[in-house]
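Participant: Here it is, the structure in full.
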């Protein structure tokens, strides 16, 4: 074991030795950089940029660029980076994690690789956990970068699109992780390329990297829109479909399970809904709802395809006959069945776009991070993000006294001892920071201290607005501060001059399930070689102690006759606590790894759709792409109607009906002509006819209008289908674990079904685009429209629970926005009348 530890430590030592040589090169350059005037120092930036264009790399420039930043920092900020900070900067530049203890100057360290990588002009993102830190770092470190001639932007939630574009166009952009993720999602929902705000993701440095990539890794970012608008449409469509007659108003092909309105049915719909043309782009939503209602009534049968159970529609697996709880049909079919059966239509908010931090940050060309505590999660950083953790030595040796845990029999005994310790230290004037895991604990200790007459500050999620002020006072003589585990990160506790020789006392009221969080709390004391003391108080009733079965320990304390006021200091218990923490950390890592495997399925699909959207947005002419879609649609239709072995069983009439209803005019394709051809020969004359019709359509309007019409159709269909697909994948994901198939791996099942659903969505997109291009009437005032508008609601941080909930952005309809029922009227004149 010791051998392995040595080996691990040696790897880190080797890295430090290697970087020490580069630090010596930087030091050697100081004599030539120091005499430069401010103007000459600023001129170095242009010189570096020119050298990059001539073929030098950022690695070649590193020693000189770091020397320039060091000199500029001394002049502008009055701070000169130490050798260990230069090492931290090198580790960051190489795409690794610099583990630097609290107070070692991580923010200043980051300026070195930020400057070097910003010289490429591709943009560098500095990522922080909250907007306060982003604004603080942008204004403080921004002075240094601007002095050297680089532009600095800050990206805040409250900014307009134009302000965001300006922030991202800067050489260096300071932002929170949430805002970066949401901007990426929003950029992939826009309809014009000019509306995008982000540039390609080049290099990011994440401050408090463990908090963002580990603690928040399981928090998905979600942009959602209310799908309520559909509920009424499902009801109307359901009522309308009940009036239709088979054969007359719709045709149903039993073999292919294909159902569609006939000419009579289309006319009936236009009359019923008081519209001129059902295939008009304005009525996309209405047509979709009618088609799904038709399928619900004609194709789907109660107690065969689904059952009604406790007011819900539950799908029946066609192969095994089992109920597939938690699974829902996609594309609104499930809601249509709910309308048919008269149960509540579940139309909760619809996910328009989603991504996890794991997948967002893995898209950067180069990623690095800084934190005081990362070594315990090194395996995760290496396996998931391909980053090594490099422990940077401290500038001055750590002289902090980390005392062994004190274990009490009950919580009451523990808290009494904690308060007594605080009171004694307070009397001596020593500042005390009390770390708690839960808000309730911090409030309990606060009450006990108030009874003892000790003035103190509480820092938890309920009052994070005063966070920086409270932390700034925490190192003053006699200060007592109670903080929940994550509160106050990123802000240093500086000691008052009169207590420099005593230092800060950190008291932990219980061990957290992660050693990393305990280490963060310890790291609050003894910064930059200051004295300090840390002490954890545990009880046999703590959650972690209960987890690994401390009954034997409790029994031993009882046998020894130990009362509640007597703690034990036991290496055995401390070791047991540590092994329990390792087990919990292992479980959490497995959970995050599993989440990533599931999320990877959606990631691959998301990349395909977003790439295609980007191509559509940038393309001048989509005709070639659309013709390809028509070809696939026709080939699928032919294959579907001619799949039987015997020619007599082919459904050529059904094929002609399908083509006439969806793509061509009556009489364009004749049944007898197709009967003379083999299935592989049928597609060609049909496609030729389609292209002929396409050409006719082109002649009816200016080319520019035709090209815009194509884009309108493609965006409308792709965005509608994709949001429905995300929703369906959500339901599949929730329901996959409920399937009691026995020896089936749910992940494999999810991958296979998810892929099949994606393929079916692509086919559906191609068919619908082909139908609208061929059948829709083209209006003069064409406009691209968002299918559903996604709005942002940031999570409130009231309590630690908020951490694990998805960060959701919701949707609202403005009174002057177009109504979402598809009528084309403003909301206030349609469904919003009287609201």
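From the backbone N, Cα and C atoms, a Cβ is placed for every residue, glycine too.
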Participant: Region 'Disordered' per Swiss-Prot sits at which of 788-807, 808-827?
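Facilitator: In Swiss-Prot, the region 'Disordered' feature sits at 788-807.
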Participant: Using other CB atoms within 10 angstroms as the count, which residue among the binding-site residues 104, 492 scores least?
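Facilitator: Candidates: the binding-site residues 104, 492. Fewest Cβ atoms within 10 Å: 492.
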Participant: As a test of the contact definition, list every same-chain residue at least 6 positions from residue 107 (ATP binding site) whose Cβ is closer than 8 Å to its Cβ.
Facilitator: 137, 140, 141, 207
Participant: Are there any residues at least 6 positions away along the chain from residue 106 (ATP binding site) with a Cβ closer than 8 Å to its Cβ? List them or say none.
Facilitator: 88, 98, 100, 207, 370, 371, 372
Participant: Which residues, same chain and not among 85, 103, 104, 105, 106, 107, 492, have a CB within 8 angstroms of the centroid of the CB atoms at the recorded ATP site?
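Facilitator: Those within range, site residues removed, are 100, 102, 108, 109.
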Participant: Of 85, 103, 105, which of the binding-site residues has the most Cβ neighbours inside 10 Å?
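Facilitator: The residue with the densest Cβ neighbourhood is 85.
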Participant: Over all pairs in 85, 103, 104, 105, 106, 107, 492, the listed ATP binding residues, work out the largest Cα-Cα distance in Å.
Facilitator: 17
